[in-house]
Amino acid sequence: MIRVQARTEPSTLMTFASPFLAIVLTLIFGSVLFSALGKDPIQALHVLLVLPLSDAYNISEMLVKMGPLLLCAVGLSLCYRANMWNIGAEGQLLAGALGGSAMALQFVDSDSALAMPLTLFAGILSGMAWAAIPTYLKTKFNSNLILTTIMLNYIALYLLIWAVHGPLRDPAGFGFPESALFSDATLLPVLFDSGRVHLGVVLAVLLALVAWFLLSKSHLGFKIRVYGADEPAATYAGFNAKAISWFVMLFAGALAGLAGVAEVAGPIGQLTPNISPGYGYSAIIVAYLGRLHPAGAIIAATFLAILYMGGDLAQIEMGIPIAVVGMFQGVLLFFLLACDFFIRYRIVPSRENMA
Amino acid sequence: MDIDLITQVLFAAIKTGTPLLFIALGEAICEKTGVLNLGQEGMMLMGAVVGFMAAYATGNAGMGIIGAMLIGMLMSLIFGFLVLHLGANQVATGLALTIFGTGLSAFIGASVVGHTITGFQPLNIPLLSEIPVLGKVLFSHDPLVYLAIVLAILIGFVANKTRVGLTIKAVGENPHAANAIGIKVLKVRYLAVMFGGAMAGLGGAYMSLVYTPMWVENMTAGRGWIALALVVFASWRIGNIVLGAYLFGLASIMHLVLQGMGWSISPNLLAMLPYVATIVVMVIIGADKYKEKLLAPRSLGKPFDPRQMA
């Protein structure tokens, strides 16, 4: 028979294979589920995974979803490596959208060249400010970061809803909870003639590469990795734990803030109450699936963006509720955590005399 | 403030605190054995939707309760398997459970959105409910409010006065020592995780069967997370959890009170109050480093692997 044996060294192969294995298992789970629901599983998987890549328009829409997922996930990857359990990317994204919109609305009738950069800057700064609150509470008062960041997600959401019903509402908008449309000078440039791929998507990939360089080549990245792997060793080496915490959190806040402002100043073009379908939460899964590495996050964010896009299509084409995407994300993380078991353990045939 | 308003506020505070009490009681036992389950929100949502669907299908709210507790347990078993058997990171697995539960509950609940059911009727306790003010505040609730209090007393007794309570404590404080004296650590932790799941399901069912009573996507609005904060706030003590749950209940309805008193603040801003209150509480607890270290179960969040014992 077989038995489980601890590996002497964590398996590098399994570290890389585990996310792919988890994706395959999730797809198998999905097929079974669709069959049980009376939907053709082959057609469902085709709509979920292939259709999003089938034409230029769908690919561009997929990339538009990939941008915010990637930005949030890169920031979270750094946080988790430094043992900062930041669950607040959603709130930081909303804060970025809110702060960016407040700036953008100063340029509604303007074609100033400063409109777009200032809007982005305001969004990034707002995301950082929103991330600074739990970081300060953590470093100063030792507050539980998971719970404070979650609470700030809810607070950011209500703040945003309040703003679109109040100060930022379009005075000429017949009372709808929406801001005025941003001016053309404020909107992020669109890259291709067809589709909505905007500058934010490019920035997301560039920033992921910057984070990759930072993490693997810089002294600061080295400190983050040591701190995450062995906190006592890092402290012994004299690394400033608070400085590392502040850096990863503000970096994550800036990226999530950029993700938020790039949504309102990009594909949406105004502030509305529903600017994020939970990108900040999905980014947690992207970060794990990407092995907490910025390069891995690019691949993982693309996969989740395909899933998001496929979910939209599945709702239209097959009447499958969009909530299936959220469920698949949870299942994916379950399978990933289960597969990661084999990084530390292996299954070996048990010897006869042991049985 | 007149006496009628005060009566209504306190009555509503107890009602609003009840789902928090269910979840926090379950999670407290779970954490006492050293397991941190951040999946409360997901289990609660599943309890809410399955409870509602069971009650809707059978026309019996009691069946809803049973269904909710069963699904909560089932959900917690996924968590238990990953964390206890495979030694997965408890924080990540808990988050996965919440994301999964949020998605799955929205998925299966889509068919019953907008339906209504008859939930539990208030149970006026004879004589006691006729006492002015106190009678209304304490003795004219739905049966689940009393159930929560009875459960709290029972759990408090078991945790503090019995052998089972000692076993739980031993596993949470020092699993290796507990293992050495023959306690099955993983079994105790499995049972505690399942108990937490059942209680979270019950808390969810309270939302969809009594509090609203209906099913709306994401209707728990972070209560599972607030309950997690409540457990820390209460220093893992059952008595404090009861008190804390009703205090949080009060904080959650303060916006209604302020509106009732004629304050003209946007309801969206006032809706932030319970979340702000939770952050304030986290700051107060965290600031006293010594206290938290002393009171938290010592093995909280750390995996125990019997394979490495051999």
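Cβ coordinates come from backbone N, Cα and C, glycine included.
These figures come from a predicted structure and were not determined experimentally.
Tertiary neighbourhood of the transmembrane segment (B:6-30): same-chain residues 36-37, 40, 44, 133, 136-138, 140-142, 144-145, 148, 151-152, 155, 159, 168, 192-193, 195-200, 202-204, 206-207, 210-211, 220, 223-224, 226-228, 230-231, 234, 236, 238, 241-242, 244-250, 252-253, 256-257, selected by CB-CB distance under 8 Å and a gap of 6+ residues from either end. Taken from TrEMBL, the feature transmembrane segment applies to B:6-30 (among others).
The feature transmembrane segment is assigned by TrEMBL to B:42-59 (among others).
Long-range contacts of the transmembrane segment (B:65-88) within the same chain: residues 35, 37, 39, 42-44, 46-48, 50-51, 53-55, 94, 96-97, 100-101, 144, 186, 189-190, 193-194, 196-202, 204-205, 209, 303-305, each at least 6 residues beyond the stretch ends and with a Cβ under 8 Å from a Cβ of the stretch. The transmembrane segment feature in TrEMBL is assigned to B:65-88 (among others).
Sequence annotations record features per position, and here TrEMBL assigns transmembrane segment to B:95-117 (among others). Outside the transmembrane segment (B:95-117) by six or more residues, the chain places 37-46, 48-50, 52-53, 55-56, 59, 61, 64, 75, 78-79, 82, 209, 213-218, 224 with a CB less than 8 A from a CB of the stretch.
What TrEMBL records for B:137-159 (among others) is transmembrane segment.
Residues or ranges marked as transmembrane segment by TrEMBL: B:190-212 (among others). Among residues of the same chain six or more beyond the transmembrane segment (B:190-212), those with a C-beta under 8 A of the stretch's C-beta atoms are 15-16, 18-23, 25-27, 29-30, 32-33, 35, 37, 39-40, 43-52, 55, 61, 64-65, 67-77, 79-80, 83-84, 117, 119-120, 142, 144, 168, 219-220, 223-224, 227.
The feature transmembrane segment is assigned by TrEMBL to B:224-248 (among others).
If you look up TrEMBL, you'll see B:269-287 (among others) marked as transmembrane segment. Residues 222, 225-226, 229, 232-233, 248, 251-252, 254-255, 258-259 of the same chain lie 6+ residues outside the transmembrane segment (B:269-287) yet bring a C-beta within less than 8 angstroms of a C-beta in it.
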Task = May I ask you to check whether the transmembrane segment (B:137-159) and the transmembrane segment (B:224-248) make contact, with contact taken as at least three Cβ pairs under 8 Å and only pairs 6 or more apart in sequence counted?
result = yes
Note = Other same-chain positions with a Cβ less than 8 Å from the transmembrane segment (B:224-248) and lying at least 6 residues past its termini are 13-14, 16-18, 20-21, 23-25, 27-28, 31-32, 38-45, 98, 149, 152, 155-156, 159-160, 200, 203, 274-275, 277-278, 281-282, 285, 291-292, 295-297
